[in-house]
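Colleague: To start, I am sharing the structure in question, which I have written as structure tokens.
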Amino acid sequence: METEVIEVNCPTCGKIVIWGEQSPYRPFCCKRCQLIDLGEWADEEKRISSNGELSDSDEWSEEDPLQH
């Protein structure tokens, strides 16, 4: 039984990375690329889009809404 080798591109540099135990930083090719990506998120160069912004007047809760 042959195991299919899955290859992905490093999101930072584009280098091909084998998706497996031999690639501990997957999907990144190395620790450096992983840290570059983390820095971009920390500097808010990357963000997850939303429908709108929460303001201080918006009501929200960290509680599970199903428990009310």
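The backbone N, Cα and C atoms fix where each Cβ goes, and this holds for glycine too.
Found this in Swiss-Prot, in case it helps:
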- Cys10, Cys13, Cys29, Cys33: Zn(2+) binding site (BINDING)
- 47-68: region 'Disordered' (REGION)
- 55-68: compositional bias 'Acidic residues' (COMPBIAS)
Colleague: Could you say whether, by DSSP, Cys33 (Zn(2+) binding site) belongs to a helix, a strand or a coil region?
Modeller: helix
Colleague: An 8 Å radius from the center of the Cys10, Cys13, Cys29, Cys33 Cβ atoms defines the neighbourhood of the Zn(2+) site; name the other residues of that chain inside it, in order.
Modeller: Pro11, Thr12, Gly14, Lys15, Val17, Phe28, Cys30, Arg32
Colleague: For Cys10 (Zn(2+) binding site), which residues of its chain lie six or more apart in sequence with Cβ-Cβ distance below 8 Å?
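Modeller: Non-local contacts for Cys10 (Zn(2+) binding site): Ile16, Val17, Pro27, Phe28, Cys29, Cys33.
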Colleague: If we count other C-beta atoms within 10 Å, could you say which of the binding-site residues Cys13, Cys29, Cys33 has the fewest?
Modeller: Cys13
Colleague: Using DSSP and collapsing to three states, where does Cys10 (Zn(2+) binding site) fall: helix, strand or coil?
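Modeller: Looking at the DSSP assignment, Cys10 (Zn(2+) binding site) belongs to neither helix nor strand, so coil.
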